[in-house]
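Peer 1: Pulled the feature table from TrEMBL, pasting it below:
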TRANSMEM  A:21-41  transmembrane segment
TRANSMEM  A:53-71  transmembrane segment
TRANSMEM  A:92-120  transmembrane segment
TRANSMEM  A:126-153  transmembrane segment
TRANSMEM  A:160-185  transmembrane segment
TRANSMEM  A:191-217  transmembrane segment
Amino acid sequence: MTALSALIRRDIRIALRVGGGALIGVLFFLTVVVLMPFAVGPDLALLSRLGPAILWLGALLASLLTLDRLFMADHEDGSLDLITMSRTPLELACAAKALAHWLAAGLPLIVATPVLGLLLNLDMVATGAVALTLLAGTPALTFTGMIGAALAVTLHRGGLLMAVLVLPLSIPVLIFGVAASQAVIVGPMTFGAPFSILCALSLVSLVVGPFAAAASLRHGLD
Amino acid sequence: MRLSGHGLRCVRGGREVFAGLEFAAASGQAVAVTGRNGSGKTSLLRLIAGLLVPAAGTIALDGGDAELTVPEQCHYLGHRDALKPALSVAENLVFWADFLGGERSDAAESLAKVGLDHATHLPAGFLSAGQRRRLSLARLLTVRRPVWLLDEPTNALDVAGQDMFGSLMREHLAAGGLIVAATHAPLGIESRELRIGGVA
């Protein structure tokens with residue numbers, strides 16, 4: 001337990017320091033959402049209808065933006081060698097790294113959502129629904145994206161390319177995340193069904209992600 | 001305690017690096033692995049560290065902790081120093097001590113031994129190559145592991161640093177540890193030579 005909490009604390013600390021990735025994601029999210037009303041035009045009804053989709057797309061791209069570096073930095077400076085050799089199972093170490101990434105880069109996106117909801121003419125309830133679905137859905141994005149990050153290390157190819165290759169895995173998350181938010185705003189579906197599936201997707205990826213990433217890292221030892 | 005390898009064969013990128021390699025080292029012994037560039041010194045260390053999978057052969061550590069694998073009882077000091085430039089000297093060291101776990105000694109004491117006690121709050125990004133190497137050595141002192149796998153350990157160290165490192169290695173051997181080091185320069189301690197791939 002000490003080992004895992006040390007790893008989480010270290011990764012968060014690095015992400016929050018100058019040059020860390022935590023702020024980059026939020027700034028990107030902010031930029032996408034702020035620019036959107038200018039692109040769509042001053043149609044308030046249209047904006048609030050598109051709002052959840054825009055927020056979800058922005059959050060998805062922002063969380064992918066920094067994810068490709070998840071293992072690459074540790075690989076480049078040799079930390080990954082020591083993590084692989086250590087007494088902590090690699091699966092748990094992967095899970096800890098993904099959790100740290102979500103805390104440092106994913107959580108700020110959710111905190112920023114209420115502010116950005118104002119720009120998209122979303123009311124309190126709608127913004128709350130989007131924030132809640134993001135809270136339930138972004139762990140799935142991080143934990144499936146982690147597989148791509150591990151593959152990027154193993155295959156010695158561009159990180160973003162691999163992130164794009166695992167992008168299909170995040171499509172269900174996007175679909176049910178937006179569906180649950182829309183259900184609150186326009187109906188006629190119930191909120192519960194898509195939201196439950198969203199939670200299920202997150203729980204599945206919490207389990208599958210670390211094993212897949214660790215298997216990929218082990219396979220690519222060199 | 002005895003570390004040994006039998007019939008080791010290493011293949012990298014479809015090319016055979018070495019085959020049929022035998023080695024053994026007992027507690028208190030150091031093995032200096034020598035050979036020309038590309039002969040497989042680093043590969044051998046990484047095989048022992050479990051970071052490469054041997055194409056054939058076995059590696060065993062007799063008399064170690066039966067609950068642990070061989071890599072879990074090793075320290076690996078490679079070309080890359082596993083330091084984060086954004087974290088301070090002390091933060092880097094304490095992280096590895098917490099993460100690697102097991103028996104440990106005081107981090108501040110280790111930093112004093114390697115001559116970095118004046119720089120504990122400096123971000124590691126500001127350290128020179130020699131200071132980074134010293135910080136890596138502090139990791140070996142803080143977390144106790146019986147086997148040290150060292151890849152060109154004296155690189156970037158000044159003369160005083162090499163002397164300091166020599167005495168640290170002698171202390172480790174006297175405490176019953178063992179060392180496998182890939183090196184071109186003399187190691188500075190009594191060691192047996194393991195030559196890979198003919199005359200260097």
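Every residue number used here counts from 1 along the chain in the order it is shown.
Placement of Cβ uses the backbone N, Cα and C atoms for every residue, glycine included.
I'd like to know what surrounds each of these features in this structure.
Peer 2: Outside the transmembrane segment (A:21-41) by six or more residues, the chain places 15, 47, 50, 54-55, 57-59, 61-63, 65-66, 69, 104-106, 108-109, 112, 116, 119-120 with a CB less than 8 A from a CB of the stretch.
Nonlocal intrachain contacts for the transmembrane segment (A:53-71), taken as residues 6+ away from its ends with a CB within less than 8 angstroms of a stretch CB, comprise 21-22, 24-26, 28-29, 32-33, 36, 80, 97-98, 101, 105-106, 109-110, 113, 116-117, 120, 130, 133-134, 137-138, 141-142, 145-146, 148-150, 152-153, 159-160, 162-163, 167, 170, 173-174, 177-178, 181, 213, 217.
Sequence-distant neighbours of the transmembrane segment (A:92-120) (same chain, 6+ residues past either end, Cβ-Cβ under 8 Å): 3-4, 7-12, 15-16, 20-23, 25-26, 29-30, 33-34, 36-37, 47-48, 50-51, 54-55, 58-59, 62-63, 66-67, 70-71, 74, 83, 86, 126-128, 130-131, 134-135, 138-139, 141-143, 146, 150, 206, 209-210, 213-214, 217.
For the transmembrane segment (A:191-217), same-chain residues at least 6 beyond its ends with a Cβ under 8 Å from one of its own Cβ atoms are 71, 80, 84, 89-95, 98, 129, 132-133, 136-137, 139-140, 142-144, 146-147, 149-151, 153-154, 169, 172-173, 176-177, 179-180, 183-184.
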